[in-house]
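Annotated in TrEMBL:
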| type | residues | note |
| --- | --- | --- |
| TRANSMEM | B:12-30 | transmembrane segment |
| TRANSMEM | B:77-96 | transmembrane segment |
| TRANSMEM | B:108-127 | transmembrane segment |
| TRANSMEM | B:139-158 | transmembrane segment |
| TRANSMEM | B:189-209 | transmembrane segment |
| TRANSMEM | B:230-254 | transmembrane segment |
| TRANSMEM | B:266-287 | transmembrane segment |
| TRANSMEM | B:299-318 | transmembrane segment |
Amino acid sequence: MSIIDAIKSKAVRSPWLYRINAGSCNGCDVELATTALIPRYDVERLGCKYCGSPKHADIVLITGPVTSMVKEKVLRVYEEIPDPKVTVAVGVCPISGGVFRGSYSVPIMLDDIIPVDVNVPGCPPRPQAILEGVAMALDIWKTRI
Amino acid sequence: MLDMLSHSFHLLIFPGGLFALLLGLLLKGFDRKICARLQRRVGPPILQPFYDIIKLSQKETIIPDTANKAMFKFAPVFGFMGMMVAAMLIPVPGVWNGASGLGDMLMLLYLLPIPAIAFMLAGSASSSPYGAIGTSREMVLMFAYEIPLLVVLLTVALKAGGADGSEFSLAQVVAFQHENGSFGFNLSMLPAFIAFLCFIPGTMGVVPFDLPEAEPELLEGPLLEYSGPLLAMFNLMSALKLVVVMGLGVALFFPGTIPGGAVANLAWFIFKCFMLMLVSVTIVRTATGRLRTDQTFKFYLKYPSVLAYVSLGLTLLFK
Ligand code: SF4
């Protein structure tokens, strides 16, 4: 039994990342791409992989304030991610609306519609901060699997 | 009865089944690590493919409402089973000489397209537009790379048949090469070997020929809608396929053995598979970008096919 548990617990070494752009200015997305693509920050060493399909994802990174046009779509994509999953909000936009706060098209915040596990503040956050956010998300993911 | 037992052993433990699965996942791990090192990244741990499988088998499976449910679940199992049978036919020179008297080269020719067919089934059953595009691309790609493979197998069969006739049993092909030297070092077989090297990235679906999955444009095409254990099944299938294709390459061109008994030869076989993968998969996919569908089709018709035909002609001339 304990061997099976030990094998099962190895699952935490393979978190796949998925990005949702909820009306971001693209600054945070560029930073995410940097984190993924540049050898210096290489997320693959943590076993991470960016995947193109929400159905393959374990950790979802959401950028941007949730604009009213994109809200339904974000919810729909979010529901397509199989459990267990962890949500990371990247940038100040999903936390408070950031520079778009008070705009007519940003009536709600991200945590009104989706349970957020980790916030990574910054406008845009540095790659190191994003990596730290992903590492924190990993710790949370360990308890869910 | 004894026959039954030995066949099940070969299917489930060695060289198919367990051995092929472990070797395939390990090779994939090395592939990812070396690719990362070539790009000056740290890269994932070697055991990463195992972790991925463990993770996927614990996730939820989501089946789209619009999908054909039975076919959606059947496709990965079909591909996996096909590759299990194919892995059973691969000889490990010096350890096991392959199932005898089966005409297994022809069998392999029919079994090798099964993963591609599974992808097509998966793509069309999932009712996603990306899956549909992936399916059509997979079909084009399959027609392109099957031609060189067919001619290469024919050439090897003719060569191994000696002065008269041809030989379609892998065990006999390996035995012939043990007596007369490996085909990989034979000048008239060199074009066929290069053609086979070109065939490998196509059938494995890696850059520059990863048209059906094309991550940035098609979001993994037929695999887009798959999640959890069914996706793990597809991963296992491609690990098995890696072993089958590399094992076939070793059997066709470099089946030489070293003294030192079964254990040393097993290690030698794994080493040869690894080197073949390094040359034909890892370095190729690190160094190139994706081709368009029409470019891929033309490439396969122009170069590997012609090279394979050159070998076939030389073999017929100097028989
Ligand atoms: S946090 Fe800043 S950089 Fe990121 S999406 Fe918002 S405005 Fe753009």
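Numbers run from 1 along the shown chain.
Even glycines carry a Cβ here, placed using N, Cα and C.
When the stretches B:77-96, B:139-158, B:230-254, B:266-287, B:299-318 are ranked by Cβ pairs under 8 Å to the transmembrane segment (B:12-30), first place goes to B:230-254. The recorded stretches the transmembrane segment (B:230-254) and the transmembrane segment (B:299-318) do not share 3+ CB pairs below 8 A when only pairs 6 or more apart in sequence are counted, and are therefore not in contact. With a threshold of 8 Å between CB atoms, the same-chain residues lying at least 6 positions outside the transmembrane segment (B:139-158) that come near it are 105, 108-109, 112-113, 116, 120, 166-168, 173, 183, 189, 192, 195-196, 198-199, 202-203, 205, 209, 211-212, 252, 293, 296-297, 299-301, 304-305, 307-309, 311-312, 315-316, 319.
Within its own chain, the transmembrane segment (B:189-209) has Cβ neighbours under 8 Å at 112, 116, 141, 144-145, 148-149, 151-152, 155-156, 159, 183, 238, 241-242, 245-246, 249, 252-253, 276, 279-281, 284-285, 288-291, 296, 299-300, 303-305, 307-308, 310-312, 314-315, counting only residues six or more beyond its boundaries.
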